[in-house]
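Engineer: Sequence annotations record features per position, and here TrEMBL assigns transmembrane segment to 16-35, 42-60, 72-97, 118-141, 153-175, 206-226, 246-264.
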């Protein structure tokens with residue numbers, strides 16, 4: 001609910017109930033990601049796990065802001081942590097595509113050299129991440145001009161994030177099209193027999209992993225566009241002063257991103273002995289490709 005209190009930084013009273021619900025939801029999926037990383041030695045997914053921790057702390061700060069809506073430190077901390085979490089998700093997601101290409105012996109189908117692809121995407125992600133960190137520090141100050149500078153820096157960081165994610169989606173789609181047209185020995189069996197049905201979507205193979213990457217990338221892209229529009233609209237704008245929007249266009253999509261990657265975790269598919277391998281045991285019968 002919007003508020004007219006001039007000392008209320010949010011423009012509304014942050015909902016404790018909504019915050020607690022998503023602390024529990026993010027806590028559950030993050031804990032499961034931690035177990036998957038440990039079980040599979042999928043250490044390249046640690047940034048994704050840390051993103052989940054950022055979400056938990058961010059929504060805890062929102063809960064603590066209830067009744068403390070004039071607290072700049074609480075406001076800045078929750079803003080920065082919730083803003084940064086998708087950048088950490090992106091770092092792990094970018095690494096998955098390159099690993100999948102190598103695993104399938106399909107590096108030649110990429111429009112970007114695989115040994116450069118991860119470096120390029122992660123570099124863009126790191127730049128966006130660091131800019132948002134810097135913006136968070138600026139927005140935590142009392143000076144209005146400094147806070148405005150932080151807001152503008154966040155806008156630039158989000159533009160970078162949107163551009164790199166768009167390029168990543170294009171790269172993924174072109175790779176998928178090429179490997180379907182000219183499958184490798186490693187991908188051929190799945191490609192020849194796979195059709196889109198609810199049952200096949202639940203399978204663990206390179207096609208469903210790519211679909212999962214499309215899904216989470218699209219959700220993060222939508223969320224980033226929303227955040228970009230929100231910051232362009234400004235602190236007094238309609239989007240920032242109505243709490244429902246952050247839960248609809250940021251919180252819920254990012255929770256879905258974490259759950260999707262729980263269900264279609266790359267460790268089910270990429271068993272390369274380099275952090276993508278699941279030891280024999282619980283997942284012994286999972287299809288490799």
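Cβ coordinates come from backbone N, Cα and C, glycine included.
Each of the listed features needs to be described in terms of its position in the shown structure.
Structural biologist: Proximity of distant same-chain residues to the transmembrane segment (16-35), defined by a Cβ-Cβ separation under 8 Å and at least 6 residues beyond the stretch ends, is recorded for 45, 48-49, 52-53, 55-56, 59-60, 62-63, 66, 243, 247, 251, 255, 258-259, 261-262, 265.
For the transmembrane segment (42-60), the residues of the chain that approach it from at least six positions outside its boundaries are 19, 22-23, 26-27, 29-30, 33-34, 36, 77-78, 81-82, 84-89, 91-93, 95-96, 99, 251, 254-255, 258, 261, 265-267, 275-276, judged by C-beta separation under 8 angstroms.
Cβ atoms under 8 Å from those of the transmembrane segment (72-97) belong to residues 9-10, 44-48, 50-52, 54-55, 57-59, 61-62, 64-65, 117-118, 121-122, 125-126, 128-129, 132-133, 135-136, 139-142, 154, 161, 164-165, 168, 171-172, 175, 209, 213, 216-217, 220, 223-224, 227, 246, 250-251, 254, 257-258, 261, 266, 270 of the same chain, restricted to positions at least 6 beyond its ends.
Panel annotation: around the transmembrane segment (118-141), residues 72-73, 76-77, 79-80, 83-84, 87-88, 90-91, 94-95, 97-98, 112, 147, 149-151, 153-154, 156-158, 160-161, 163-164, 167-168 of the same chain, lying at least six beyond its termini, place a Cβ under 8 Å from a Cβ of the stretch.
Same-chain residues lying 6+ beyond the ends of the transmembrane segment (153-175) with a Cβ under 8 Å from its Cβ atoms: 83, 86-87, 90, 93-94, 97, 101, 106, 109-112, 117, 121, 124-125, 127-129, 131-132, 134-135, 138-139, 210, 213-214, 217-218, 220-221, 224-225, 227-228, 231-232.
Residues of the same chain lying 6 or more positions beyond the ends of the transmembrane segment (206-226) and with a Cβ under 8 Å from any Cβ of it are 86, 89-90, 93, 96-97, 100, 103-104, 158, 161-162, 165-166, 168-169, 172-173, 176, 187, 190-191, 194, 200, 239, 245, 249-250, 253-254, 256-257, 260-261, 263-264, 266, 268-270, 289.
Residues 18, 22, 25-26, 29-30, 32-33, 36, 48, 52, 55, 59, 82, 85-86, 89, 93, 204, 208-209, 211-212, 215-216, 219-220, 222-223, 226-227 of the same chain lie 6 or more positions beyond the ends of the transmembrane segment (246-264) yet place their CB under 8 Å from a CB of it.
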